[in-house]
Protein chains: 2
Amino acid sequence: MALIVQKFGGTSVGTVERIEQVAEKVKKFHEAGNELVIVLSAMSGETNRLIDLAKQISEQPVPRELDVMVSTGEQVTIALLAMALIKRGVPAVSYTGNQVRILTDSAHNKARILQIDDQKIRTDLKAGRVVVVAGFQGVDEQGNITTLGRGGSDTTGVALAAALKADECQIYTDVDGVYTTDPRVVPQARRLDKITFEEMLEMASLGSKVLQIRSVEFAGKYNVPLRVLHSFQEGPGTLITIDEEESMEQPIISGIAFNRDEAKLTIRGVPDTPGVAFKILGPISAANIEVDMIVQNVAHDNTTDFTFTVHRNDYQNAQQVLEQTAREINAREVSGDLKIAKVSIVGVGMRSHAGVASRMFEALAKESINIQMISTSEIKVSVVIEEKYLELAVRALHTAFELDAPARQGE
Amino acid sequence: MALIVQKFGGTSVGTVERIEQVAEKVKKFHEAGNELVIVLSAMSGETNRLIDLAKQISEQPVPRELDVMVSTGEQVTIALLAMALIKRGVPAVSYTGNQVRILTDSAHNKARILQIDDQKIRTDLKAGRVVVVAGFQGVDEQGNITTLGRGGSDTTGVALAAALKADECQIYTDVDGVYTTDPRVVPQARRLDKITFEEMLEMASLGSKVLQIRSVEFAGKYNVPLRVLHSFQEGPGTLITIDEEESMEQPIISGIAFNRDEAKLTIRGVPDTPGVAFKILGPISAANIEVDMIVQNVAHDNTTDFTFTVHRNDYQNAQQVLEQTAREINAREVSGDLKIAKVSIVGVGMRSHAGVASRMFEALAKESINIQMISTSEIKVSVVIEEKYLELAVRALHTAFELDAPARQGE
């Protein structure tokens, strides 16, 4: 018997039929003797419908009141699932964030969970009831309704699992696990049985949008075993956990992440004086533009070149800011490129393996793919390349690091 | 400066445009220096949409969970109105039933208000804020969400007005007040400036569906001046209050109510023994059928005839029960009639006026309308007549009791 927190997202509860399917699934787990806490999102589309309604009143709806509205989405699904469970003879009860009491700070629309009162839930679990909790929402010290921001239901699931010291937090989605890379790009991509929190964070932030980043951070911090599974297909999914095995067999890299959301900006011929990086990036940050990769090379003739990437949506804005800066600091020129892609290899195994980066560069060189920027961290190496080579690069790296799935029997 | 509770129903907040109109209205009252508490229903149709959704899961949805769902309807409108007020520069804050804390018993779907915590609201009013409260809902001692049943938002309004000792509770509707009778039947019907709680109760329960009966009882009990007004037309409406004036001019009757929802059942030749009324009505009540008028005449040859009315929807069911009873108690026969109507004259003035009933019967006799049943209370006289004479009877009585509006200038 285990205590399991299961989270189902918006598409998994998008229709009454789907809610009935979820109820069937939960019933099986309950009959197998597990203690269950189910966390739900709103029906897919409902949160957007509510936000649209609010925007008809005001382009910038008051955050406190927006939370009062959008939190109703999950309130509907928890009641529906509780009804569907009770109909099947499974004792169940639903709770809003306020009823559980999921205490958050008062940052409306992007609140952070401070504390969870587990008393009610424990009483219900002891009494054999399945507890259905509204994801994404909480309540602040003053009793105001708060929401955690997009994808916050994952965070609710992990936070509940941490508070209850659950054996596992299962996140049900529309994919059957975390893959070595996007199967649409590399048909040989494999589902990973296991991945560490750190690797998942790098994979997630680099564009494998299976889990909300905050929930992975949370799970790592409290060491909550997290499992990604498909809502309506059987399978073991992918377990995200701490790296406790020191297996000889551990692969050097776990996966390949990529994204095409970024654009590159370069300012050339910058007089190489102390504080120049701040002079360049200060105004960018002041314009509320987030910067991802930053590369500055050693100076030449007392000038240096400085390159960074921003989200493509911020490209024009960033370019204008940068040109202004260039005039002020007497830089030679500003150039930019929208047609870039970032490809990263991720794996805790690379910590103990030299030569991972060079193996990556070799694989790309073999395909004559030019590397424009390089950035490294302890468990990842990222490169920026021309966008048109993205798929080729990902496939080459997938093979070079021996991630390809063995051909199945009969194939 | 006055403290006013204003309640707006589902059609008054049925669209974003309407909510903006309500905000404009509230703004004017606020600028005039009033302290305002606004009680809202869900957008028209929303409660039914939610109930339909629940019924897709289960024909008999679990009452606790149904309350969790349907209470979201008002939660959306209060947030939208608060946003619309703040957009207009009017400080405002929304509260759910739980947030106010409107404490109810645990009778889900038809809970009764036990107590209202007025602390938060008083603080907000002192700070100059308009307080927007979700109608129809509360929370029980254990923190479960409850609803008050259909029309419960009126009750919320009155209960808040009582708790806050408000100067007036204004109920905004799609009519501009309470009329002497239905203007669709009698074009000369007049809007009443004033009516007593007792009269309103009789008018409401007899079919003038302007206000929910429970809210009128509540207002009477706590002596909350209640005013019915049109949401989007200017006008004084009708004030419902206690009968504190002993005006000489007080009209004998205030209005004429009627309904065609009832059917009549008669059991003839019942052996006239003690307890016979219970023998007849016990099984009807056991079948969950409500009985309205009951008439038993003096016995003849040791047998008596017994007649009562039920809702038309219950007619067939009641007839079957009654025929079973007739066999058991050896009654002669059972007969029934669906084509009846009930017409009532209502007025506190009749207490001090003899001959009101005979004046009524005279007016009906003049039109050759036969009276089938008669029932009286302190402030009303009801008769059952053939349905086809309904409009004729109402018009005749309206004229006989001098309720017709004086012809307007130019008419």
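Glycine too: its Cβ is placed from the backbone N, Cα and C atoms.
Annotation comment: TrEMBL describes B:Lys7, B:Phe8, B:Gly9, B:Gly10, B:Thr173, B:Asp174, B:Tyr179, B:Arg184, B:Lys209, B:Val210 as ATP binding site. Long-range C-beta contacts of B:Thr173 (ATP binding site), restricted to its own chain and to partners at least six residues apart, with a cutoff below 8 Å, comprise B:Gly9, B:Ser12, B:Val210, B:Val228, B:Leu229, B:His230, B:Ser231.
The Cβ of B:Thr47 (substrate binding site) lies under 8 Å from the Cβ of B:Gly10, B:Ser41, B:Val70, B:Gly73, each of these being in the same chain and 6 or more residues away along the sequence. Per TrEMBL, substrate binding site is recorded for B:Thr47, B:Glu74.
Annotation comment: TrEMBL describes B:265-339 (among others) as domain 'ACT'. In the predicted structure, the domain 'ACT' (B:265-339) carries a mean pLDDT of 89.
Sequence annotations record features per position, and here TrEMBL assigns domain 'ACT' to B:345-411 (among others). Counting residues of the domain 'ACT' (B:345-411) by DSSP class, helix then strand then coil, yields 30 helix, 14 strand, 23 coil.
If you take the Cα of B:Glu74 (substrate binding site) and the Cα of B:Tyr179 (ATP binding site), they are about 29 angstrom apart, rounded to a whole number. Within 10 Å of its Cβ, the residue among the binding-site residues B:Lys7, B:Glu74 with the fewest other Cβ atoms is B:Lys7. In this structure, B:Thr47 (substrate binding site) is part of a helix by DSSP. Every protein chain shown contributes to the tally, and the Cβ of B:Tyr179 (ATP binding site) ends up with 22 other Cβ atoms within 10 Å. Assigned with DSSP, the residues of the domain 'ACT' (B:265-339) fall into helix, strand and coil as follows: 29 helix, 28 strand, 18 coil. Just so you know, the Cβ of B:Gly9 (ATP binding site) picks up 21 other Cβ atoms within 10 Å once every protein chain is counted.
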